[in-house]
Amino acid sequence: MEGDLSGFNIDAPRWDQCTFLGRVKHFFNITDPRTVFASEQELDWAKAVVEKSRMGLVPPGTQMEQLLYAKKLYDSAFHPDTGEKMNVIGRMSFQVPGGMLITGFMLQFYRTMPAVIFWQWVNQSFNALVNYTNRNAASPTSVRQMALSYFTATTTAVATAVGMNMWTKRAPPLVGRWVPFAAVAAANCVNIPMMRQQELIQGICVKDRNQNELGHSQRAAAVGIAQVVISRITMAAPGMILLPVIMERLERLHLMKKVKVMHAPLQVLLCGCFLLFMVPVACGLFPQECELSVSYLEPELRDTIKAKYGEQVLFVYFNKGL
């Protein structure tokens, strides 16, 4: 489809972000694992196209499909706050290939203590990078904070896994298979708030509908971080809860007993199937651009906004991160 696209608003969402289904479609688009394989030249091209489109300088003959593809690549690889290119492993589009490998091996190698400790460490290293990459970039994070967050989350995950492994020794085998999920959930409750503690201490930047900065709110930061924690646990839950049940049944089959070497690859593949759908679903649970009533903000910030804008500003907006 060709035509004059100079007035096309490339930043306008293709799907309604006020609805869950619209957000899921949006994240299906930008978390597409295939975008991980886009070359640096393609990503630079996408950024150039998006920036030119924002200025109304779309080259004549450009097709709508090209603009939409450029925006897809841009959203998958560049940070929404800074516009900087994100590292490949930390992108949400890498959640499927990266997550399926780590989750599959966590679920497969859960019996021995060294394996539990190693794979929980690998998982928390991956999570720490993802959390940092997808943070709200308006709130800087120091190296000390990142190191403390990483150490605390890894310790929490390993302690939970080791403790529950010891506790479930006499429990049915299926219960032991759920230990990795308990460790992941516990670590997410620590890792994300710790990685973004600066937002909880100093507040997150909140804006009005026209993107004018209004101040910093700790309450808004707490809401955004809580939503991210819920999303991350939701992302992992179906695969890490249902897959052990599936594998428990499959491993009883005569064929599976003969090809034990295929158990790990099968778990990795099935994890990928779960994550392919759960990454966009979990990311779409809450709007990325959060809306919060002014009445919920801290009294000082609320009074400042009302004194300056009166009743014109009833809601504030902020990027909660992913």
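Every residue gets a Cβ built from N, Cα and C, even glycine.
Note that the structure is a prediction, hence the values are computed from the model and not measured.
What Swiss-Prot annotates here:
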- Met1: N-acetylmethionine (MOD_RES)
- 99-119: transmembrane segment (TRANSMEM)
- 147-167: transmembrane segment (TRANSMEM)
- 174-194: transmembrane segment (TRANSMEM)
- 223-243: transmembrane segment (TRANSMEM)
- 266-286: transmembrane segment (TRANSMEM)
- Query: Counting only pairs at least 6 apart in sequence, do the transmembrane segment (223-243) and the transmembrane segment (99-119) share 3+ Cβ pairs under 8 Å?
  - Reply: yes
- Note on the structure: Given the transmembrane segment (174-194), its same-chain partners at Cβ distance under 8 Å and 6+ residues beyond its ends are 103, 106-107, 110-111, 116, 119-120, 123-124, 127-128, 131, 145, 148-150, 152-154, 156-158, 160-161, 164-165, 168, 200, 225, 228-229, 232-233, 236-237, 240-241, 244-245, 247-248
